[in-house]
Every structure is written in C-alpha cells, then in structure tokens.
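Feature list (source: Swiss-Prot):
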type: ACT_SITE; residues: C395; note: active site, nucleophile
type: BINDING; residues: C81, C87, C90, C168; note: [4Fe-4S] cluster binding site
type: BINDING; residues: Q271, F300, N305, E321, D348, D369; note: S-adenosyl-L-methionine binding site
type: DOMAIN; residues: 10-68; note: domain 'TRAM'
Amino acid sequence: MVLLYTPKQKTKNVQTITADILDLDYQGLGVAKINGKTWFIENALPHEKVECRILEDKRQYGHAIVKKWRVKSPERLEPKCAHFMRCGGCQGQHIPIEMQRKAKESALFKRLSKLQSEPISFQPMICGDAWAYRRRVRLSLWFNPSTKQIEMGFRQKNTNDLIPVQSCEVAEPAINYLLPKLTALLEKFSAPKQLGHIELVAADNGVAMLLRYTKNLAEIDRTLLLKFAEQEKLMLFLQSDKGIEQIYGDAPYYQFSDGIKLHFDIRDFIQVNSALNEPMVNTALDWLELSQQDCVLDLFCGMGNFTLPLAKRVKSAVGIEGVFEMVQKAAQNAERNQIKNIEFFQADLDQSFVEQPWANQSFNKILLDPPRSGAAFALNALCELKAEKILYVSCNPATLVRDAEILCNFGYKIEKSAVIDMFPHTGHLESITLFTTK
C-alpha cells in the first residue's frame, strides 16, 4: 500500500491592530498614527478606539477595517440603509453630514494652500440635500438557479455578488418608486437568463429606462416591457450587442431655470446630482465675471452643460469635446435653444491640437471640466493662449493639484475655490477653482 502525503494548507494569519482615531479624511476613512505610520481605517470616526483587520500594509501607510470598537464616538450615526458596508455605493452613512463636509473642505484647503504663498479665498461649499439626490442608478440582474428567480440590485463591495434592493436612500424618489414595480415585472419574463442590467435616469420630462439583454428578446417579453413603459410613462430603451434602440417615449432632457433645455441619450454623461448642477454652473459663470466682450473656450464640454448657459452672457463661445457624438448633441442643443454665438469642435485633448482652427483663435477666458485623469497635456498648450481667467471644475483632488501646479508655474494664481458636495456619503471630492493671472 502506498501512503500518500498531503501537506496541510497553511492558514493565512489575519493581522490586526488597535488604533486611536485622530481624524477623518475626505474619503470617510478614520486616520490613525501607529509607530509613525499613517493608517486609514474604514468605518472609524475621530475619538474612537478600534480593533482592526489589516487590508493593506505599505511602507508609508496602511489600510484597515474595524472589527470591534473599544470606544465608540457619540457622533456615530445609525446608517439609514440596511445594506450599508456591503453595497459599494455609499461609504459614509455613519458619519454626520457636517463632519463629512468639513473633512472635504479641509482636504481641499490643505492641498491647494501648499501651492502658493498668496492667500486663497475659500468659498462656502455648494451643497444640497444629503439624501435622494441621485438621478441615475445602474441595477445588476442575476438569475438565481436555486430560486429560479431573477434578482435585481447593486454589486456588493469588492465582489461580483449581488445585493437585492427594493429602494436606495440616495436615489431620487421617481427612481425608488419604480424599483418594486421592476422586481414584479422581471418575475413575469419568459427568458430571464438573457437579461443583463437596467439603468434608470430621472430626467426632467420623466424617467428613462435602459434594459440590456444578451440574446434576442422574445416578443412576449418585448410586449411586456412596452405595456410597462406605457403604464409608468417611461422613456424605454433596449440595448443588445447591435446597439441601443428607443422603443417608447420622448427624448430625455433636463432644463435650466432660464429655459435652456439639454437633450441627451440614455447612456450620455450628465451630472448625477440634478439639484446641484445649475448652482455649480452658475457659480462657474459668476466667478468668470462674464461680459458681452468675452470670448470663452470650454474644454471637455460634453453636450454643452456649461457652454450653452455661458454663451448667453458672452460675445462668443467655443466648446471642445473628444467624443464626436457628444459634439453633435452639443451643436443640436445649441440649435434647439437658438443660441447662435457658439461653435463646437471634436478634439482629443490628450493629443496635440495646436494645428486645429479653434486653437488659433483668441480667448480671454477658459472653462474646463476634465475627467478624473485631469488636463495636464491640454493645460501646457492652453497656457500659451494667456487667458486672464481659467475656471477649473475637478472631480479628483489629486489631478487638480497636479494641474494647478502647472498653471501656477505658467504665472497663474489660485484666486478662489470651493467644494461641491455632489456625492454625499461617498469619498468623491468635487471642487471648483478659479485661476487668474498674477
């Protein structure tokens, strides 16, 4: 008889630390110092003493998550959502909103103040309701082989597992109204395994819904969807490998208080927080101190969210966008709103654009709203235009600091800045910053 030796698998030791929480960073993580190293700890608040499981241990910093509280902060809140700490959407429901906002303002102040000796005028935060603010949600769909039912919900944090949901505390009421109705609808589908995901967007003229499916949709299911769209007055879109088709309703749009309407397609980027979009746009235009003598360049303009409102205040406006379809939509939006002093061009702003016709025009003011990667390449060329004011809307403090340093090296100074609390209960830090010539 042959004896086979099977080595025992080594169990991985779970490393733990005990920490006194000193501060809160803008992402909602508790900050501790242990033997000179900074630790960022999930689900921890200042003045708490916690036992933590180490998630990441680097030379200069570490990342951990609370296992047990020895001392809890009296300011800690009970999360409103039953799925908090499992769903990947919110990170800060246990943190008072005033504490969240103070941490974000402190982070912006510390980062920008290091770039120049001149004082910066930090303005009051642009903020709104902390709940029911999201006008767009994406819902994953999964056929559960055990129950033979389709499940709808959000992805669990750091996994592909699905958490079924019937409501979301940060979604707009029009979206929450539909969630239980959608669950009931999906149970009637003849081929639920073919369904991929659902997107809901609360436009100003109703809710738009996109259903992604992977194989041909049965006619009975298509009829079911059409009846649902008619009943709930939805704008209904279907997406397959062949593309997106709208099968019911009008084109979605949102509207500014001055009457400007921006039409968009269901998958187009729009600001998720509808209540803060117009205050953000108005702040940008006010800080630029626009007049009928100004020629303004708007970079990363999308479908004209900033460009159309500013064009009504200036002599001329030019919008630059990398995606051709968005350039077309921006031009169509300008035409619909009868705004004639505006032009749109397609350009990859991460590539040289000095040969393009718009790059040789004269602009005395510039506005840019880049993606998270920032605008480093574009700024090196744009500074040669010597605009008197540059307004930068940022969704990433790291690239904002990098790009602000470029502008400061070209002779600009930071005049004023403010946080935009676009995503309460999350670690996202949006901001708006005005640069002027020294």
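Cβ atoms here come from the backbone N, Cα and C positions, even for glycine.
Features per Swiss-Prot, on structure.
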| residue | record | Cβ contacts under 8 Å, 6 or more apart |
| --- | --- | --- |
| C81 | [4Fe-4S] cluster binding site | C87, C90, Q93, C168, E169 |
| Q271 | S-adenosyl-L-methionine binding site | N277, M280, N305, M422 |
| E321 | S-adenosyl-L-methionine binding site | F300, C301, G302, M303, V327, A330, F344, F345, Q346, A347 |
| D348 | S-adenosyl-L-methionine binding site | G322 |
| D369 | S-adenosyl-L-methionine binding site | L299, F300, C301, G302, N305, F306, V393 |
| C395 | active site, nucleophile | P371, R372, M422, H428, L429, E430 |
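For the domain 'TRAM' (10-68), the predicted model reports an average pLDDT of 93.
In the three-state DSSP scheme, C87 ([4Fe-4S] cluster binding site) falls into the strand class. In the structure shown, the C-beta of C168 has more C-beta neighbours within 10 angstroms than that of any other entry among the binding-site residues C87, C168. Largest Cα to Cα distance within the recorded S-adenosyl-L-methionine binders Q271, F300, N305, E321, D348, D369: about 21 Å as a whole number. Each residue in H83, F84, G89, Q93, F154, V165, E169, V170 lies on the same chain as C81, C87, C90, C168 and has a C-beta within 8 Å of the C-beta centroid of that [4Fe-4S] cluster site, without being one of the site residues.
Each of the binding-site residues C90, F300, N305 was scored by the number of other CB atoms within 10 A of its CB, and the lowest score belongs to F300. Annotation note: E321 (S-adenosyl-L-methionine binding site) sits in a strand segment as assigned by DSSP.
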